[in-house]
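Q: Please read through the structure below; I'll follow up with questions.
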Amino acid sequence: MIGNIMIIDDSPIERKMIGEIIRKRLQSANIFEADNGLDISDKLLSNNIHVCILDIIMPEKNGFEILNEMKEDVNLMDIPVIVCTGTSDKQAIEKALSLGAYDYFSKPLSEEAMKISLPLKVKNAIDLMIRKEEIIYLSYHDKLTGLYNRRYSEENMRRIDAERNLPIALIMGDVNGLKLTNDAFGHEAGDVLLKKIADIIKDECREDEIAARIGGDEFLILLPKTNISEAENIIDRIKDKCSNAKKYPIKPSISFGYSVKEHMGQDIMNIYKIAEDRMYNNKLTESKSIRNSIISTLVKILHERSLGTEAHSNRLKELCSEMGKELRLTIKQIDNLKLLALLHDIGITAIPDYIIEKNPDLTLEEENIFKSHCEIGYRIANALPDIAPIAIDILSHHEMWDGSGYPQGLKEENISLNSRIISVLDTYDSMINKYEIVSKNEVIDFIRNHSGIYFDPKIVSAFLKILNRS
C-alpha cells in the first residue's frame, strides 16, 4: 500500500521517531514533514497527502487552529487528521475530535502504540482516503476506458462556457462496427476496440481538453480556445491513427461531427446538438464504405486463417453462377448465392486459432465451439445490411436434407434454397481440391449416393447435369 503521510510537529526528534515507527510497518509509505502550520494548505495539496499526523502543542499556530483551518477548506476537509496530545489531556482529545479529528494518540508512546496502535491508525486512515479517491474517480470517469464520463462532461461543458475560453469546439464521435464486434467476437473484443479508440482520442487531446465517453459507443471532446481549423485537424489526426492501427479484431473506426461556439450569444447546448446531428449525418453518409471495409477486413481475416479459402471461394462463385442459371434463378438471387459462396464461413473469423489449427482432431467441446461459426456468421450478416439478406443462408449452410446437420437440425425444404445449393457445391469443391487421393468420379459418386440423405435430390440432379455438360 502506498500512502502519503504528513507529520506536523515542531520537534524534529518527535517527527523522526513517529516517521520511523510508521516506516517499520508501512514500508511503501511516503512521509513528509513540517515543523509548523504556516502555509500548510500548499504543503498538503502539493504532496497529495492521505493522512496528517498533527501535534496539538506548537508555537505560532497550534494544532487546533490548523485542524480547524483544514476542516473549513473544501480541498483539505476530507484528509484524516490524527492528533497527538499529552497523556492526561482528555479535554484536548475531546476538542480535537469535536473539530473533526479522525483519531488520536498520546505521548509518550507506549511500546504497544509504537508497534501496533499508531501504524494501524495510519493504515486505516490511508485506506479510507484511498477508497474515497477511488469513489470520486469512478463518479467522474468511465471505468472501461479511463476517460471522463457523461456526468463530468456535462458539468464541465457549463464550466468552460465562458468568454475567456472562446472559441469553444465540441467534437462528437460514434464508434463504427461495435455491435458487430460484440456479436461476432464477443464483448471482450468490443471492449478492446473501445479502449483502443479511447487511447487514440486521449493521445490527441491537450491537457486542458476534456475527452469523455458519454454512451456505449459515443465520445465527446470539449476543446476550449479551439477554432474550426484546429478542431478539423484533431479529427483528421484521430482518423489517421485509427486507420493505421492494428485490427482489434477489426480496424478501429469512428464517425465524427463537430461545431464551434464563437461568441457568447450562442447557446452551448445548441452547439452540442449541431455537433451531434452532424455526427449522425456523417455516420449515415460513411456507413456504406465503412460496412464494405468491415466486410473486406473479415474476408481477409478468413483467407489468412485458412490456406486455400480464397481460391475455394472464387471457384464456388463460378459454380454458383452456373447453378443459378440451371435453376433459372433471378439475377438478384444469383448475386446473393455468389455472395454466400464468399461469406458462408465468415463466422470462422471469430473461432480461436488453436481450434482452426487443430481441426479435425477436436474434442467434443472444441467441435461445438467450431460449429458455433454458423450462429456467429448469422449475427455478423444481420449487423451488416448489405449482407443481411443471406444471414439465414449462412446460419443453415451446414444443415442436411435428412435433418442430421447443424445448428438447428432442419430437414428438407425447411432449409433455405441457397443453403441447399451451397451444401452440394461446397462439398464437391472441397473434396476435389482438398483430398488429392479422391478422384472426381469418386466425389460425384459420393454426392449421388448421399442425395436424399445429406443433399436435396433436385439440387444434386441439377448439379450433375452441369457436370455432364462440362
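Quick reminder: no glycine exception, Cβ is built from N, Cα and C everywhere.
Pulled these from TrEMBL:
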DOMAIN    4-122  domain 'Response regulatory'
MOD_RES   D55  4-aspartylphosphate
DOMAIN    166-299  domain 'GGDEF'
DOMAIN    287-470  domain 'HD-GYP'
Q: Once the chains shown are all counted, how many other Cβ atoms turn up within 10 Å of the Cβ of the residue listed as '4-aspartylphosphate'?
A: 22
Q: By DSSP assignment, list the helix, strand and coil residue numbers for the domain 'GGDEF' (166-299), in that order.
A: 73 helix, 26 strand, 35 coil
Q: Using DSSP with the three-state reduction, classify D55 (4-aspartylphosphate) as helix, strand or coil.
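A: Reduced to three states, the DSSP call for D55 (4-aspartylphosphate) is strand.
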Q: When the domain 'Response regulatory' (4-122) is classified with DSSP, how many of its residues are helical, how many are strand and how many are coil?
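A: Tallied per class, the domain 'Response regulatory' (4-122) gives 52 helix, 26 strand, 41 coil.
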Q: Over the span of the domain 'HD-GYP' (287-470), how high is the average pLDDT in this prediction?
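A: Across the residues of the domain 'HD-GYP' (287-470) the model's pLDDT averages 91 on the 0 to 100 scale.
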